[in-house]
Structures are given as C-alpha cells and as structure tokens.
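**Q** Mind looking over this structure? Questions follow.
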Amino acid sequence: MVGFSAAVIRRQQFLLRCLGGYNISSKNISYTTIKMQSLVSGGSPDFAISILRSITPSLDSSRHKGQAGKIAIVGGCREYTGAPYFAAISALKIGADLSHVFCTKDAAAVIKSYSPELIVHPILEESYSVRDEDKKSISAKVIEEVDKWMERFDCLVIGPGLGRDPFLLDCVSDIMNHARQSNVPMVIDGDGLFLVTNCLELVSGYPLAVLTPNVNEIGGVTILRKGGSDFISNGDAVGAVSAFGSPRRCGGQGDILSGSVAVFISWARQCSAKRELSLSPTVMGCIAGSVLLRKAASHAFEIWKNSVRSLEGTNSFSTGVQGGFTRAFLSLLLGLERDVEGLS
C-alpha cells in the first residue's frame, strides 16, 4: 500500500512537470499559497462564498434561454450511467439553462429515463460494437455530430462514467481537441483523468482546462484537488477551501462537483467579459463549486444523517423520499439573492 501511494505521488509530480506545472519550492508560489489560503480556507469560508455570489447571475425578464449556461457532459457507458446523470442534473440544479449528455447508445436510454430535462445524445461507441474497418468512419461521424453543438456550449465535463474502452477514449480525445480549438472550457474528472494521464497534450498549455483529482488521482493545468481540504491552483494562484462538508462519503459527490464547477466557470467567464476579475474564471469557478458542495453536504447531513446520498430519485420532490444533496443545493442557492440559514 505504501509503495502504491509513493508511485501515485511520483506520477502526479511527473505530470505536473510535463504540463509546465508548479514548483512548490518557488518563493512566489509559496507566498501566493499563504496569501490565498488566508482568504479562502480556514474556519470561515466567507471569501469563497463572496466569489460564489459575485459570479452568479441575477435573474431578470430580459434574459433568454441559454444565457445562464449550456453545459455538456461527455461520459456514460453501459456499466456507468449514474455518474453522467449526477453531473448533468447538478448543473441544472445549480442554475444552468440546458444540460446535454454525450454517451454510448447502451447508456442513453437509461440516462434518459432518469430525467426528461436532460438532452441525451447516443453517439459514442465502444470497441465491442465496432468492426476494425469501421472505426475510422464511425469516429468521423462522432466528431461531425459533436461539432454541430460545440459552439453552443459554455463548458464541457469530460469523464463521468466514461469507462476505459480504447476506441471510446480515442473518440473523446478527438472531442477534447475540437473543444480546445473552439476555446470551450473543460472540466475533467473520473476516467477523463486516466485519458489525460496517457495523453498529456490534450490539456498541456490550455488555461481553460480544469482537472478535479482525488488525492490518489492525477493533477493538471488548473487543479481542483479533492480531499479533506480542496486545493485549487492554476500555477499563478494557489488556495484551499476547507469548509466542513459531510462525514458521509457517498458515491456521486465528485460528479456533482464537476457539473457544478462547469456552471460556475461559464458564469465566471461571462463576468470576465464584462469586467476585470480578481482571479481567473477557472479558479473562481472551482472555488464556488467547492464551497457550495461542502455547504450543501453539511446541510444535507444535518437533516438526513447516515441516510444521506448524492441525489434523490427523480420523483423525490413529489414523493418525499429523503436523503439528497439536491434539496440542500436548492435551499442554499436561494441565499444567493437573500441570506438563508446554512449559507450566510
């Protein structure tokens, strides 16, 4: 176990160096770390919450559908359908107007059945269903279909429920390259991190890429490293969000975080286009998503204790099924316009 942990750490350090990453012995980075942590971490998350408030758009009658964010999840295969759903539905719960899922045909019907609000594209294929002589043409069709939508998206989430099928990963690599050419931000999580680890050029030097590793996963360009405290860095600024979340570590929270961060990044970019931000949009989006998830998790655990889980079933609002972060999200988001208990 010790040897495995050491190997993981060495691999993380190697990737950071390859990506032109962060020399933690640097005096400048050390100073920035101290400065940022004094603002973002500690017992009071006031600075992180102020960032969340500052980038969240106000609702008014002049806005039209799509202005609050159009998010796309790239993931979902026959084994994993929950993760892309968690990421996509949390984006809608946060406040995005539209949420798409690009998944395999086997996963599409299942994901559609979870919620009619999601726009599901069953365009991805796995190796078992594709003959070798057809792979080139099918890959081209996948990119052609994604390209129809790419310019409309404000952010992509790559990896929830993706799996590690070689042909599927090749297609997703092409999607990431097209997203980069279109200057679309990407939040990379789950098996997307596995893909990036083996293909560094997908994110190297791209400032709109955000990677969300756990302590035993791999870091990248802008990092939101999940753990006891969430550490965030884009190479220029380093900070941590340490607000207490929930002792209940149920599955799906990372997927919720990825979907949330995608929305906040899209909102932060809108703010950046209007005025100078104190931090980069990717860093601000990570901080906002992290503190909101932690506060929601804490709020949910106070109510449901050990029965809390990542999201309630799709009929929970009408049937009263207990145990989801979504309700906590909703109650906390009301506090963006007025103070409510649990956020202020």
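Here the Cβ of each residue, glycine as well, is placed from N, Cα and C on the backbone.
For Gly161, Asn214, Val215, Asn216, Glu217, Ile218, Gly219, Gly220, Asp255, the entry in TrEMBL reads (6S)-NADPHX binding site. The ATP binding site annotation in TrEMBL covers 226-230, 245-254. The domain 'YjeF C-terminal' annotation in TrEMBL covers 48-344.
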**Q** Quick one, of the binding-site residues Gly161, Gly228, Gly252, Gly254, which Cβ has the fewest other Cβ within 10 Å?
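**A** Sparsest of the binding-site residues Gly161, Gly228, Gly252, Gly254 by Cβ contacts within 10 Å: Gly228.
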**Q** Averaged over the domain 'YjeF C-terminal' (48-344), what pLDDT does the prediction give?
**A** 81
**Q** Any idea what the Cα distance is from Gly161 ((6S)-NADPHX binding site) over to Gly252 (ATP binding site), rounded to a whole Å?
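**A** Answer for this pair: 10 Å between alpha carbons.
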**Q** Determine the Cβ neighbour count for Asp230 (ATP binding site): the number of other Cβ atoms within 10 Å of its Cβ.
**A** 27
